[in-house]
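What TrEMBL records for this protein:
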TRANSMEM  12-30  transmembrane segment
TRANSMEM  88-107  transmembrane segment
TRANSMEM  128-152  transmembrane segment
TRANSMEM  184-205  transmembrane segment
TRANSMEM  317-338  transmembrane segment
TRANSMEM  358-383  transmembrane segment
TRANSMEM  395-415  transmembrane segment
TRANSMEM  452-480  transmembrane segment
TRANSMEM  536-558  transmembrane segment
TRANSMEM  564-582  transmembrane segment
TRANSMEM  641-667  transmembrane segment
TRANSMEM  732-756  transmembrane segment
Amino acid sequence: MAILSDVATEVLIPLAAAVGIAFAIAQWVLVSRVKLAPSSGSDKDVLADSLIEEEEGLNDHNVVVRCAEIQCAIADGATSFLFTEYRYVGGFMCVFAAVIFVFLGSVDGFSTRSRPCAYSEGKQCKPALFNAVFSTVSFLLGAATSVVSGFLGMKVATYANARTTLEARKGVGRAFVTAFRSGAVMGFLLASSGLLVLYVAINLFQLYYGDDWEGLFESITGYGLGGSSMALFGRVGGGIYTKAADVGADLVGKVERNIPEDDPRNPAVIADNVGDNVGDIAGMGSDLFGSYAESSCAALVVASISSFGVNHDFTGMCYPLLVSSVGIVVCLVTTLFATDFFEIKDVKQIEPALKQQLIISTALMTAGIVLITWLALPAKFTIFNFGEQKEVSSWGLFLCVAIGLWAGLIIGYVTEYYTSNAYSPVQDVADACRTGAATNVIFGLALGYKSVIIPIFAIAVGIYVSFTVAAMYGIAVAALGMLSTIATGLSIDAYGPISDNAGGIAEMAGMSHRIRERTDALDAAGNTTAAIGKGFAIGSAALVSLALFGAFVSRAGVKVVDVLSPKVIIGLVSGAMLPYWFSAMTMKSVGRAALEMVEEVRRQFATIPGLMEGTGKPDYARCVKISTDASIRQMVPPGALVMLTPLVVGTLLGVHTLAGVLAGALVSGVQVAISASNTGGAWDNAKKYIEAGASEHARSLGPKGSDCHKAAVIGDTIGDPLKDTSGPSLNILIKLMAVESLVFAPFFATHGGILFKLF
């Protein structure tokens with residue numbers, strides 16, 4: 001028996017979620033104390049602000065007003081895009097919800113009679129029709145939670161960007177704390193709300209299901225499907241938006257017109273800053289929420305047909321949720337190290353402070369996993385393993401969670417090594433710019449391919465150990481271990497785009513060079529940590545999709561996936577092709593949208609009098625509209641490819657071929673995603689390495705506007721859709737196809753394989 005009682009479990013999980021939400025609100029209140037208006041209070045307040053401005057050689061309250069105007073323009077653009085996106089995607093979700101109901105309801109001919117349980121002999125389970133109803137409800141619940149998570153993250157980021165700029169007048173430490181606290185608001189809101197909604201849904205569904213835990217947790221899988229479906233469209237649509245604007249702004253502004261990044265004369269500059277929020281904030285938030293929801297659902301499904309579910313051990317059943325609860329508390333303590341315990345006094349301390357967040361959270365979480373494993377699990381229990389029950393010890397399960405947690409840290413640091421300009425790989429890419437853009441591209445591609453090696457070994461070791469110890473359940477909790485510090489990971493991820501926006505606002509508002517140096521330092525650190533975040537997302541996606549694959553073959557009744565079977569081989573080959581097809585669609589979508597943006601920016605420079613001289617005003621709204629329209633239009637085909645593939649394959653070719661498709665997409669997709677993300681990140685930081693000129697080697701390649709710098713800008717432009725659209729979206733592809741297959745597994749097992757039955 002476990003030490004922790006069921007009543008204590010019922011209190012601890014919602015309590016941890018409530019603490020996380022309260023902490024997010026507290027951080028929001030602290031950020032909101034930075035006012036986006038010139039002081040109008042006491043003489044003391046006015047004098048204090050005046051002294052700050054004089055310190056920077058600037059005593060003009062119009063700068064503050066200008067920051068507020070720019071922030072409003074960015075916030076309005078981001079809100080407009082997300083509302084437009086959600087309107088279209090919302091319609092699709094309603095249609096897909098109907099598909100879920102019809103397919104799952106038809107498993108037993110829409111019967112309302114109870115049926116024999118698949119894994120508990122002699123017991124009766126709830127009718128398939130009601131499983132269809134509850135799966136549909138959980139799908140809509142997951143989609144709604146994902147939408148709210150992404151939208152709140154975007155609102156927080158657009159609220160904080162100008163405040164970070166203004167705090168940079170008072171010192172780099174103040175600006176860092178403002179940006180990081182804002183990121184923490186998003187991180188804790190998402191982690192806590194995801195946990196709370198899932199826990200509440202389980203308890204509400206249990207009112208109907210009662211002792212039928214097999215049916216209960218089968219229907220809960222719709223929650224992960226809804227979360228990832230929204231994440232796919234958020235990632236693809238947001239990625240196309242941000243990269244169309246970025247490519248247009250860079251190619252015309254930097255290369256053709258030789259003006260600085262975020263120069264207010266550039267018509268695409270507002271759209272570029274909007275894109276940071278809708279792609280890197282809303283998209284990333286929905287993505288990691290989807291990973292969390294799917295890994296939790298995969299673990300719960302396997303546990304429900306293991307001894308936890310058979311014996312109705314509620315505390316053991318909720319072990320994945322208890323791990324996430326401990327993670328929220330650990331991340332709360334970790335955040336205080338960055339915002340309260342230590343003070344940033346110099347730009348060189350920023351990146352180490354962010355990386356320390358990863359180390360501290362991982363170390364504390366390891367101790368937390370030891371504690372919750374000791375309290376929540378019996379010494380011995382059994383786990384379902386492809387038709388058999390495998391005996392597992394509690395400390396074996398601790399090893400699975402811990403290996404996932406530390407594999408995530410290894411992937412993060414390898415990603416940093418290959419994408420940070422502090423190390424030789426990126427410096428070599430920058431040096432290749434001496435002979436032009438072609439050699440820069442060659443070196444960047446080679447770096448991306450090489451960066452795949454260590455993360456894949458880390459994932460492989462994690463898979464082998466976890467599966468050996470606890471079968472597919474071990475892999476599911478290993479994925480949860482990697483995502484257990486999701487609040488800290490998201491805080492660091494959101495910090496990057498907020499700092500990037502802060503630098504853009506400083507440039508557009510005409511603030512002093514010294515302030516821009518501070519915001520550039522914040523942004524540079526954010527670029528590296530953003531790459532680390534993408535590494536975490538891809539690594540966790542690999543484990544999550546494998547766990548979902550295991551749950552799918554279990555629910556579909558597949559005992560063995562035989563790679564020598566022609567049904568499986570055709571699936572493997574086709575599945576391995578899908579990431580390339582998907583990448584081609586997303587890359588071309590960015591190219592088309594960027595083409596429209598480049599032509600519009602060129603048109604404005606050619607036709608608006610005085611634009612280059614700074615006396616004419618660009619039409620920012622036109623560029624925002626081009627990015628919005630193009631991204632909404634172009635996100636549909638890639639999204640349809642991912643959503644329809646499992647339905648078509650499972651229905652026409654059956655569960656064995658679908659199992660092959662999932663395995664092929666997983667193996668191929670992880671490699672392509674890591675390579676694409678790291679190649680793009682390396683090109684971006686090679687450009688920044690030349691621009692910063694912080695070393696003798698970097699100065700020999702610069703300055704801005706030199707041939708080397710122009711070659712680096714071209715590499716960065718090529719890498720933009722790789723690192724911010726195709727690469728990050730691929731991890732959703734492999735997860736989403738797996739969770740969709742799991743949700744529809746009863747239908748595919750009953751009615752699938754039509755073509756093979758006919759011929």
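Each Cβ is built from the backbone N, Cα and C atoms, and glycine gets one as well.
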Exercise for review: Go through 184-205, 395-415, 536-558, 564-582 and flag the stretch with the largest number of C-beta pairs under 8 Å relative to the transmembrane segment (641-667).
Suggested key: 564-582
Review point. For the transmembrane segment (395-415), what are the same-chain contacts with Cβ under 8 Å, counting residues 6+ beyond its ends?
Key: 319, 323, 358-359, 362, 365-366, 369-370, 373, 377, 451, 454-455, 458-459, 461-462, 465-466, 469-470, 473-475, 477-485, 531-532, 534-536, 538-540, 543, 677-678, 681
Study note, to complete from the structure: Checking 128-152, 184-205, 358-383, 452-480 against the transmembrane segment (317-338) for Cβ pairs under 8 Å, the most are found for 358-383
Review point. Going through 88-107, 452-480, 564-582, 732-756 one by one, which has the most CB pairs that fall under 8 Å from the transmembrane segment (358-383)?
Key: 452-480
Practice item. Count the CB pairs under 8 A between the transmembrane segment (536-558) and each of 88-107, 128-152, 564-582, 732-756, then give me the winner. Key: 732-756
Exercise for review: For the transmembrane segment (184-205), name the stretch out of 12-30, 88-107, 564-582, 732-756 with the most CB-CB pairs under 8 Å.
Suggested key: 12-30
Review point. Taking the transmembrane segment (732-756) as reference, which of 12-30, 88-107, 564-582 has the most Cβ pairs under 8 angstroms?
Key: 88-107
